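What follows is a short report on a single structure.
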């Protein structure tokens with residue numbers, strides 16, 4: 001098959017915060033850059049980020065990037081890489097002020113400086129009193145970020161391909177990534193995007209679960225592409241369940257609500273977080289708050305409702321003026337999806353899948369890593385990853401609120417800054433052959449030639465139910481082993497699924513089938529990884545192994561796609577500018 005070819009210095013797959021920040025930096029460096037997105041860029045899932053960007057600006061009180069680093073390392077349950085966390089926290093203020101200069105409309109304090117609100121897990125002076133570190137644009141920070149970055153990419157002549165779906169990476173005979181193939185959703189045209197640098201910025205994969213804050217586009221496309229290219233994925237057992245999704249809908253209710261003074265109640269009207277986190281209370285780490293809500297429900301203190309047992313988030317005491325000025329989006333979402341007015345009554349909430357802490361292992365420069373037979377990190381030529389799809393790892397076993405947007409802009413920026421230098425170090429590479437390119441079309445050809453078999457919608461439902469029931473907030477060995485066996489059966493069913501719609505123009509069923517392949521890859525890697533880690537750490541909480549085991553598990557886990565087996569990778573405990581923070585018991 002002779003495909004049309006579009007050639008660029010770099011191709012960025014995904015136009016959320018990380019992808020657009022990387023593309024902007026690449027274009028500003030004078031390189032030609034294609035930005036591929038399966039939706040219009042400002043509809044990327046970053047648009048739903050509400051609370052803000054956590055960064056030590058010191059606008060509301062004295063602050064220090066080292067305090068931010070301490071909180072992030074502690075929040076990660078000590079498997080966040082401290083060199084990467086140091087880089088993110090140290091570089092963060094500069095990266096955020098760049099956004100301000102681009103025109104991002106932050107909320108303001110009375111003196112005109114950027115407004116910062118308290119978020120969970122934040123402290124002053126290495127674990128002291130509560131900090132207010134999260135820079136916000138009301139409760140629509142992600143929306144403001146995407147529109148700002150989109151405008152800047154237009155200004156800097158990034159070539160944007162909206163509603164193009166990346167199929168798979170193209171690797172040459174030497175193992176270097178030489179771009180990708182993609183299909184135009186509007187016309188069905190398939191094109192080879194040739195580039196010496198390919199940046200995966202495809203976001204999360206929360207749609208492997210039944211209940212998630214993630215948009216329908218979050219289907220783990222980058223995970224699937226990486227695994228099929230033989231790239232390992234790291235810490236895939238670590239999925240954050242946000243404490244406050246709207247019960248019955250899964251729609252996110254930002255942690256900023258609790259930062260502004262909201263608090264959780266059980267059916268007896270008790271502020272139950274005082275029992276689980278006496279100091280931080282409702283602003284403890286997200287894994288702590290999510291588990292606390294589920295314990296209240298398991299022990300019979302959950303609130304009753306048509307959506308099942310849940311907790312209540314009380315905001316009405318803050319007053320109408322505060323809610324309308326600082327949390328206008330939450331008022332709208334609550335009235336639409338929960339049918340309650342937070343000015344008058346609490347919001348029904350329950351933990352729901354929110355964020356993938358694991359992903360593709362990378363350097364601070366965004367270069368994707370594998371591990372050789374000697375256990376050493378090696379760079380995969382031509383491949384980069386940034387944002388939620390990447391595992392730098394700054395989040396470890398539990399992400400702090402507001403650090404996701406900081407991750408996007410700091411490491412999207414870093415990948416763009418170092419991309420040309422990385423390619424120069426890589427040297428000359430041979431072009432991909434026709435057979436290399438055709439190999440990336442195998443999935444598309446399989447779906448296009450399948451007219452009989454099982455309905456992929458039913459397979460997707462079965463996958464999501466399996467993950468929700470066996471790999472949720474609390475986990476247990478027998479249930480996870482059973483869940484893995486169920487996934488093996490579902491994976492076999494997927495091989496015999498059918499594509500009914502054979503049209504070319506806006507064939508959304510074809511895209512959904514291709515997405516289902518990626519959901520399956522992501523779910524399977526998650527299940528194998530979760531069975532492997534026999535301890536409780538951060539978001540990975542096991543009834544049969546309730547304690548953290550630093551002797552055995554102070555490490556990353558790596559899922560190897562070729563053998564579907566697990567290995568370990570060392571956590572980086574060597575920051576460059578200050579001593580490392582040693583592991584301690586996490587208390588809030």
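Heads up, the Cβ atoms here are built off N, Cα and C, so glycines get one too.
Taking the Cβ of residue 45 (tele-8alpha-FAD histidine) as centre and 10 Å as the limit, one finds 23 other Cβ atoms among all the protein chains shown. Residues or ranges marked as tele-8alpha-FAD histidine in Swiss-Prot (evidence: a curator's inference): 45.
Reduced to three states, the DSSP call for residue 286 (active site, proton acceptor) is helix. Feature annotation from Swiss-Prot assigns active site, proton acceptor to 286; the stated evidence is similarity to another entry.
Counting only same-chain residues six or more apart in sequence, the Cβ atoms lying under 8 angstroms from the Cβ of residue 286 (active site, proton acceptor) belong to 120, 121, 240, 241, 242, 243, 255, 354, 398, 399, 400, 401, 539.
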